[in-house]
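S.K.: Before I ask anything, let me first share the structure, which is written out below as structure tokens.
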Amino acid sequence: MLLRLPTLDKVFIQCIFANIEEEMDNKGQNLNRWEGYADWRNRPALRGRHGGMFAASFVLVVEVLENLAYLANASNLVLYLSKFMNFSPSASANNVTNFMGTAFLLALLGGFLSDSYFTTYCIYVISAITEFLGLLILTLQAHIPSLKPPFCTSDNRNASCQEAERGKAVLLFTGLYLVALGVGGIKGSLPPHGAEQFDEQTRHGRKQRSTFFNYFVFCLSCGALIAVTFVVWIEDNKGWQWGFGIATAAILISIPIFLLGSATYRIKIPTGSPITTIVKVLLAAIYKCWISRKRKTAIENMSTTPTTTTEASEDEEHANGNVVIQTAMQDLKFLNRALETMPAPRWLHCNVKQVEEVKSVIKILPIFMSTIMLHCCLAQLSTFSVQQAATMNTEIGSLRIPPASLPVFPVLFIMILAPVYSHIVIPVSRKLTNTEMGITHLQRIGMGLVLSIIAMATAALVETKRKNVALQSGLMNSTEPLPITFLWVALQYLFLGSADLFSLAGMMDFFFTEAPFSMRSLATSLSWASLAMGYYLSSVLVELVNCITSTFRHTPWLYGSNLNHYHLERFYWFMCILSAFNFLHYLFWAQRYNYKTLGPDNQRETGITNESPAI
């Protein structure tokens, strides 16, 4: 027995060290994990293996193909509807704005599902397949003559042709809105999926994320450049079935490219419906406010009031494994009532984190509302601006440019400006302001709003010149091109394209950064929802203007099949005035906005505190 003891001791000691090593390995693995993220196989995402710029680069390549597939049709769709489906100019414009508005509005659904039940990874794949099916239907309709109305050959601009109806219209709109559903899901999942690849806890990670959003817009423009040049030329010269076919192939190719990066992605784990949290906090605040008024004698017994620092109950804090947290924001104090301790249904019990998350969402809503008018102006690029160019001389030397290729001007400008902004303007502004952002998100959005005002004024002046040329040339009712170059219309495209660069990248970065972790996909989708609201507002304004002007004159401003008889210049001036008032509305909210801070380190690095104004 005595001889065996040393051997037993050695075995015992080895077991102890083995257990210690195993515990240390487990701790090391835990420290190496990205909290709240998983890989594509639902295993813990690891630092150094998942995420980073390489993973985000797959998203950028996919966005080129996705936007090519979408914009190849959207930019020229108004001419397809008017020339091949025989809709009037105003009906074509409204159908396009409704289609594009629906596509961007459905981004909210994609963002909601990404945050709640699925992941950005799954939503993209499902949405891409849906868009592929919609484009396949449109390709078949464009290819088979019996699925389209008879071609209209009238040389008189005032003549009306038979519109697509019944089964043909059903097939058209089924294909269009399947595409809209797919586009919405992609727009709601792809940008946040790319932004989630960066570590926001480090200064370097936040800078990379800001650069990602700039290059995301750059890649949007790359896809748009191919769409409005090569694909539009194919549609105008070889047939729409080829244009739809190229878009179908592009979205199909994007799926395996996206899946190719699966091993590198870190994917945010869904945390449940963010809408539930928002509704819960709002109902709790309203209910407890009503109870407190009803039971005035109980006010002295409340442990938390709207004007004091709020904290969760001790039991709740220990149950959640948290320490007592102080409320970070002192505005929207009404919502602090949701934290008051009083008899209430258990499902109305809220903690500080939930209340502050809802405050963050509510605070960004006025900024979101202020950007809708900007995108109402942008909607004109896909509708009336294309129709204006279609009546003008589109030749440059011996080369004839399709009217739908006009967006090539802002696209090229964005492709030049985006890298310059990321690598020159931002570094210089950071040194001048001694802050992490240099130019704030809200300043970028504000620049976009100002440029949209200038664009609408320019558009009104150009339309006045175009109509004067038509009148002086005696071509008001002719289908012959007017003796004025379509490059005049390019001026409004340049201003609106610049506005799009500043506003879209700024909005996506702003909404993603300022939103709570559990609601980031949904919040980023507000950028696209703003576009949707802008397109819908454009349709509403057209109908409203026609309704009002028809009561004062025999013919409304924007009615009929002949664009030369429209009072489009007056409509543009109206848009310019609305945009100016909207900018004042934006300034009111932007100057009162306080950026979210993530802690003392972030305050020190960004130079922004809760007391610093946004602009």
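The backbone N, Cα and C atoms fix where each Cβ goes, glycine too.
Just so you know, TrEMBL annotations are computer predictions that nobody has curated.
As annotated in TrEMBL:
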type: TRANSMEM; residues: 51-72; note: transmembrane segment
type: TRANSMEM; residues: 92-114; note: transmembrane segment
type: TRANSMEM; residues: 121-144; note: transmembrane segment
type: TRANSMEM; residues: 169-190; note: transmembrane segment
type: TRANSMEM; residues: 211-234; note: transmembrane segment
type: TRANSMEM; residues: 240-260; note: transmembrane segment
type: TRANSMEM; residues: 364-384; note: transmembrane segment
type: TRANSMEM; residues: 404-424; note: transmembrane segment
type: TRANSMEM; residues: 445-462; note: transmembrane segment
type: TRANSMEM; residues: 482-505; note: transmembrane segment
type: TRANSMEM; residues: 526-551; note: transmembrane segment
type: TRANSMEM; residues: 571-589; note: transmembrane segment
S.K.: State, in range form, which of 51-72, 121-144, 211-234, 526-551 has the highest count of Cβ pairs under 8 Å to the transmembrane segment (169-190).
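M.R.: Of the candidates 51-72, 121-144, 211-234, 526-551, 121-144 scores highest.
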S.K.: So what's near the transmembrane segment (92-114) in sequence-distant terms, Cβ-Cβ under 8 Å and 6+ beyond its ends?
M.R.: 70, 74, 77-79, 81-82, 85, 120, 123, 127, 176-177, 179-181, 183-189, 192-193, 268, 270, 273-275, 379, 382-384, 387, 521-536, 538-539, 542-543
S.K.: Which one, 51-72, 121-144, 211-234, 240-260, 526-551, has the most C-beta pairs under 8 Å toward the transmembrane segment (364-384)?
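M.R.: By Cβ pairs under 8 Å, 526-551 leads among 51-72, 121-144, 211-234, 240-260, 526-551.
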S.K.: Please check if the transmembrane segment (121-144) comes into contact with the transmembrane segment (211-234), where contact means 3 or more CB pairs closer than 8 Å and the residues in each pair are separated by 6 or more positions.
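M.R.: These two stretches do not touch.
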S.K.: For the transmembrane segment (571-589), could you work out the same-chain residues 6 or more beyond its ends whose Cβ comes under 8 Å from its Cβ atoms?
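M.R.: For the transmembrane segment (571-589), the nonlocal Cβ contacts are 366-367, 370-374, 376-377, 380, 384, 445-446, 449-450, 452-453, 456-457, 459-460, 463, 541-542, 545, 557-558, 615.
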S.K.: Out of 51-72, 240-260, 526-551, which stretch touches the transmembrane segment (211-234) the most, going by CB pairs under 8 Å?
M.R.: 51-72
S.K.: Counting only residues 6 or more past its boundaries, what in the same chain has a CB within less than 8 Å of a CB in the transmembrane segment (526-551)?
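M.R.: Same-chain contacts beyond the ends: 90, 93-94, 97-98, 100-108, 184, 187-188, 191, 364, 368, 371-380, 383, 504, 507-508, 511, 557-559, 567, 571, 574-575.
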